[in-house]
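*Asks:* Per TrEMBL, the feature substrate binding site maps to A:267, A:268, A:330, A:331, A:332, A:333, A:334, A:335, A:336. According to TrEMBL, the domain 'Tyrosine specific protein phosphatases' annotation covers A:299-343. Sequence annotations record features per position, and here TrEMBL assigns active site, phosphocysteine intermediate to A:330. Residues or ranges marked as compositional bias 'Polar residues' by TrEMBL: A:557-588.
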């Protein structure tokens, strides 16, 4: 469709005209006119809703909301075209078969071996070994070999050594969806562990001997402690209501040596509505500070994030400080339980704060234990009531921690944002389906590629420059504060307003430091080479010419150094009074638009997955994404050279 | 008066000191005329806490058994608690602190007693002269002149002795304009935008009154800054309603009929007691230890502090936009022209002028646009957020400005030569200091107090290389562009560095800053070493070539 206008949400003045294309996998908008022909790519799987608004004189507006929080406003001149686009998108955005998803057609031109290697990057067996199991207390159990006991669990599960198959099967019958207690994290230092399960089918009075034995076995696996915590992550009221349905929670009288604890995290429906409300606040046009803060409070979003964090902190403290094992569950044990176990693991173990460790963590607590990615993130058309931003909340918890502990994480904010993007993109097979069983049936590993390998390949982009593996923050357990005035929970505009670049800091400290570090590395290399040359030169005067030419190469390389300094930007609409000002000359209007162009150029060099979800362009994207590429400006370089010249002359 | 008379118990032993995020420590408390000193000597950890009495905003006392508990709340927002054994001792100490922290006479303040432990190389009192500023200006334009009409502070008591005014307006005219503007604050040059020759002026409100008084000289002065055919904006920091009300009290605003080249924009900026209340509410929210997210957010919202930040930044951006984008000159005023006016003119310069983002330039800006321009620091900063007495003239006007600078800094972290600590330091010294810089309400008062002779300037201390190093932003790279901050609510944050400073564990953030500094320092070291080697190599090669060639 031609002559479509793409509106800028912040300013109605900044609209661009271009052509809209629909392909099997993407919506593509290509700008007219400008030399760069900036492209906006949106994967169908990212589309969360499409809204056709009332036709106006200028055309028919179409509003596309994406799962990665991009909001695209298009105005299509012809009502008929708009309707066609609308109908097609509705169909395309809601695939019914897995085979329709992008990952089955996505081909990054890797050979079979490379693909297999990619899938091997994250190996959970290796991970459990790293934790220190199997050992005297824990062993791998094969009761779920053919998913015979629990179809949403992985085949290989770690359980206490004293838990026989009989106990496990018995316990599983007493738990929702037969999700029996299994090991999530084992703390080598003091034998304390985090186990996870679903709620017991206790109703008002039911008991299960095997289940009681199972919890006993978990306690015994930690000889240093004479009780375990059982943490129910639901609000007490919800848990009590479940009893009427024959479900519920552990009765302290029936289980010996447990301490039972509720931690009120709300259910998926509350969370879905909360996000919805917060996004409405994000979409407000020029809100006042009160509108915004009030809306943020009213959405309850940060309250929920804090609840998840508090639960994680509680468990981490129990394990690290008290040396007590914890069993965590919610209802089915695949949403809140996954959130809380992974937050606690992240606080406890610095390995999970590394890039590789974070991939392992998601693979362990989310993918392998049957978090229902397909239902929660609506990859296939399904029940909208199943959709909920469960893992988004976990990712935000990590970001909030990064803000408090800036040196503790090997990866940066971009890493989190890109993972969030790909949970919805269906470009890689990792997060397909609802369980390991379904993924095996679909032969995901043979038919699709792994996100982890893709991220690992580009890991230079995702590094936190402040991270050092020998830094105190990258050792041991993190103990965040609890009260909001000690631990400031912030609105994450980098995520929820990530496509409104105008709202973000115009200069990125992370990118700047990455560029400096890159240059430092080059300098180190050059220093070595120079020292060597010098030594050689002093030994013999031969080979001078070679040295010269190579030296020039080197100095060219070190000129790569770039900064983000020269970001031109345009003023926002600070006042409406100015618009009507009569003396505004047309030439100034031109200047404005010229500036917008430069800004857009800069935007396109930003790492922007939506613009480039395609692998080929993704590779091109890399070059501008790396800190030295995008911002490299001639003026900067010349400034640099003259500095050196001065130095040399002096 | 002798301070000793006010100190009945100069010393107490076995005092416990409690602070957030610190273990309680036991030690000795000493009171001197200007300080409260707490020193603890534990096995391997000697710690001393020096607190200026003038930094104490309020104290609370109560008894627990035979010891007294004193909670001291400081103007820099810190709260400490002292447990002092003995009823009499603690009562005496509390009484002394109360009196010493509320001394009336300026000349009894610490700056008059402070003797520096360092040699003053660069006297801060004579560092920033308007004459130097004018020299720079006159190299690009000759439309302006220095006027000494206020040499004796007789034309405008709150102006400095020398100001910059249009060349075409003589001193007599200025005297007449001064009569037409509240407090004699006639329009003067605040900023000249080299890029397009547009200017920003500031003044107080014109005294038009209800019958629409006019002043030919005022009209001429205001218009003199516009080239023919050009237009200008009057940015009035009051709402139209407030400005209209002001007429009843003899004030008013520029009528467009009499200033036809000027267009008036009303942008309301909150002032005085409402600001102070907002400040108090915010600090209260920040000290609320309740573990409740809703309560925190609603208190933050109810304080309205961030709303004031947003409004102020928006107005400053608007002024900058008029100048840089619309190519128009700007006159800024509210009522007195000593508060919101200065906030706007100084913030606009931060946005427009890269020089103001350097350390020296920022200091010059503070001197020019705040101290010399007659912001009544002593009145505004007499009490901070913990004061129990009803505020009279107190208002966190300067703090609000500093926070706006911080907000811009956060959005352009590589464009400022100074760091957040520099801004926090200025906040502290505006409220309590060993230096005389922020004493007095204007240059007139400072001259009468003979501050330059009797006290040390803050700048004399800050600009020593040893101190300066703490205030430098390692990421700084000169950015010659205008920087337009975002004023959307999503882009503005609470200034944790001030408001949560004592309420958050700071170690992790300090470590991060250290890392940043180290990364940059190591890079610079390497660069230097590589350059030395390169040069060395080049020399050797040259020698080699010489040897070969003959």
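Using the three backbone atoms N, Cα and C, a Cβ is placed for every residue, glycine included.
Any TrEMBL annotation is an automated prediction that lacks curation.
Help me picture where these features are in the structure shown.
*Replies:* Other Cβ atoms within 10 Å of the Cβ of residue A:330 (substrate binding site), summed over all protein chains shown, number 28.
Only residues 6 or more beyond the boundaries of the domain 'Tyrosine specific protein phosphatases' (A:299-343), in the same chain, are considered here, and those with a CB under 8 A from a CB of the stretch are 152, 175-177, 179, 181, 184-185, 187, 190-199, 215, 218-219, 221-222, 224-225, 227-234, 238, 242, 247, 258, 261, 263-268, 270-271, 274-275, 277-278, 280-281, 352, 361-362, 364-366, 369-372, 376, 388, 390-391, 393-394, 396-397, 400-401, 477-480, 482, 484, 489, 491.
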*Asks:* CB neighbours of residue A:336 (substrate binding site) within 10 A?
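*Replies:* There are 27 of them.
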*Asks:* Along the domain 'Tyrosine specific protein phosphatases' (A:299-343), what average pLDDT does this model show?
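*Replies:* A mean pLDDT of 96 is what the model gives the domain 'Tyrosine specific protein phosphatases' (A:299-343).
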*Asks:* Please give me the CB contact count at 10 A for residue A:332 (substrate binding site), counting all chains in the structure.
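*Replies:* Residue A:332 (substrate binding site): 19 neighbouring Cβ atoms within 10 Å.
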*Asks:* How big is the substrate site in terms of the longest C-alpha to C-alpha distance among A:267, A:268, A:330, A:331, A:332, A:333, A:334, A:335, A:336, in angstrom?
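*Replies:* Answer in Å: the longest Cα-Cα distance is 12.
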*Asks:* Helix, strand or coil: which one is residue A:336 (substrate binding site) in, per DSSP?
*Replies:* helix
*Asks:* Long-range neighbours only, meaning 6 or more apart in sequence with Cβ under 8 Å: which ones does residue A:267 (substrate binding site) have?
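*Replies:* When sequence neighbours closer than 6 are ignored, residue A:267 (substrate binding site) has A:234, A:238, A:331, A:335, A:336 within Cβ distance under 8 Å.
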*Asks:* With every protein chain in view, how many other Cβ atoms are within 10 Å of the Cβ of residue A:334 (substrate binding site)?
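*Replies:* The Cβ of residue A:334 (substrate binding site) has 26 Cβ neighbours within 10 Å.
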*Asks:* List the helix, strand and coil residue totals of the domain 'Tyrosine specific protein phosphatases' (A:299-343) as derived from DSSP.
*Replies:* 31 helix, 4 strand, 10 coil
